[in-house]
Amino acid sequence: MSKYDDKKQLKCSFCGKSQEQVKRLIAGPGVYICDECIDLCSEIITDEFEENTQVDLSSLPKPSEIKNYLDDYVIGQDSAKKALAVAVYNHYKRINSDVDVDDVELQKSNILLLGPTGSGKTLLAQTLARLLNVPFAMADATTLTEAGYVGEDVENILLKLIQNADYDIEKAERGIIYIDEIDKIARKSENPSITRDVSGEGVQQALLKILEGTVASVPPQGGRKHPHQEFIQINTSNILFICGGAFDGLDKIIEKRTRKSSLGFGSTVQSKEEKDIGELLKESVPEDLLKFGLIPEFIGRLPIMVTLQSLDNSALVRILKEPKNALVKQYKKLLLMDNVELEFEDEALKAIADEAIERKTGARGLRSIIEETMRDIMFDIPSQFNIKKVIINKDTIKNKKPELVLTEDGEDRPEIVQTKHKRKSMDPETA
């Protein structure tokens, strides 16, 4: 302050206090600010920042609204939708809860989705994130390994979330992470092994702290950590983790536990096909997951178990035509862009569903079946202008030959037009 005139009384430009009344006065171009005003401004900014980082409960959909939204995109699985809706709603209420009021701290409840392949586990998680307008990241558990081994570190899961939040850490800390194929990191045997299981139990151990809530150090460019790089610090306490897996073989563990064996007259003989896999999974308990290969600590950090049912023929047919982004609607739109109408007969939809069940791919296999059926005709349509309608019937699913409705002008005119068009655009002498 020596460069200023001592005789001139300096005052804070905001509160008007003189330099004798405050501890420190900071000078700017023609203005001054005291330490008290700096502290006050800092408190205002901090309060506003904390308000912005909270999820507005008034705008947060109620559980019934969440389920109704899921109904638009996911067919069936009503019990799973209800469980997810309640869990997600409670999770974001927990984020906004004030521990200082009554000293009651709400613990985080991550979700474990169990269901056969193609039952809608991934779609449910994606649809939830879209509704809530929060950052969402998907990860594949099969690529994860314990730190120090070839593969991805578990922290790379958090990096995907940070990237999807445009590197807004506070926004990412309220996001949702879906870890698929979580059953693939089960340890190889029920009993602990003396050999190191770097892609099974080792990954489960590495995920424990992140699932529970910790301040994780994430490499900004991904990959392996090394001591000379800077890290992004992110608190996972308010990140909702949804883990999903098909858990092939878990049904046999449940069946073995629940099967009642009796001898002599009056014994009940149960066939293996008596219960659907989805029905068996509903009876799963933590003990079954332990025998499957998940460690107790990992099971404890996924307290909410949601079971999805296998999809039958009627459910798959509804999936084909009812959702807002149904496959039938998608392919109709694709052909309409070439001015061609597409019609799926009901028997064709049932045949597609039957083939998906036979392949044991669930809803995930529906697109590949339609793609195989439509491939040749979608190849021909842009070149053959006489096709105005394509009809997919039951026989089409078997022989891959759709029924075509042609224009009344005949087949020769489009070929002539097409030939002239090709010559004009491809002949180097006329170009």
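Glycine residues also receive a Cβ, built from the backbone N, Cα and C atoms like all the rest.
Some features that Swiss-Prot has for this protein:
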type: BINDING; residues: Cys12, Cys15, Cys34, Cys37; note: Zn(2+) binding site
type: BINDING; residues: Pro116, Thr117, Gly118, Ser119, Gly120, Lys121, Thr122, Leu123; note: ATP binding site
type: DOMAIN; residues: 1-53; note: domain 'ClpX-type ZB'
type: REGION; residues: 408-431; note: region 'Disordered'
Residue with minimal Cβ packing [other Cβ atoms within 10 Å] among the binding-site residues Cys15, Cys37, Gly120, Thr122: Cys15
CB-centroid shell, 8 A cutoff, ATP site Pro116, Thr117, Gly118, Ser119, Gly120, Lys121, Thr122, Leu123, site residues removed: Gly115, Gly244, Ala246, Leu308, Gly362, Ala363, Arg364
Inter-residue C-alpha distance, Gly118 (ATP binding site) and Cys37 (Zn(2+) binding site) (nearest angstrom): 60
Cys34 (Zn(2+) binding site) in three-state DSSP notation: strand
Listed in sequence order, residues not in Cys12, Cys15, Cys34, Cys37 with Cβ within 8 Å of the centre of the Zn(2+) site Cβ atoms: Ser13, Phe14, Gly16, Lys17, Val22, Leu25, Tyr32, Ile33, Asp35, Glu36, Ile38
Other C-beta atoms that fall within 10 angstroms of the C-beta of Leu123 (ATP binding site): 20
In three-state DSSP terms, the structure that Gly120 (ATP binding site) belongs to: coil
Cβ neighbour count within 10 Å of Pro116 (ATP binding site): 22
Cβ atoms near Ser119 (ATP binding site) (within 10 Å, other residues, all chains): 29
DSSP state at Cys12 (Zn(2+) binding site), helix/strand/coil: coil
Densest Cβ neighbourhood among Cys12, Cys34 (binding-site residues), 10 Å radius: Cys34
Distance from Cys15 (Zn(2+) binding site) back to Leu123 (ATP binding site), taken between C-alpha atoms, in Å: 56
Cα-to-Cα gap, Cys12 (Zn(2+) binding site) vs Thr122 (ATP binding site), nearest whole Å: 58
For the domain 'ClpX-type ZB' (1-53), mean pLDDT (0 to 100): 78
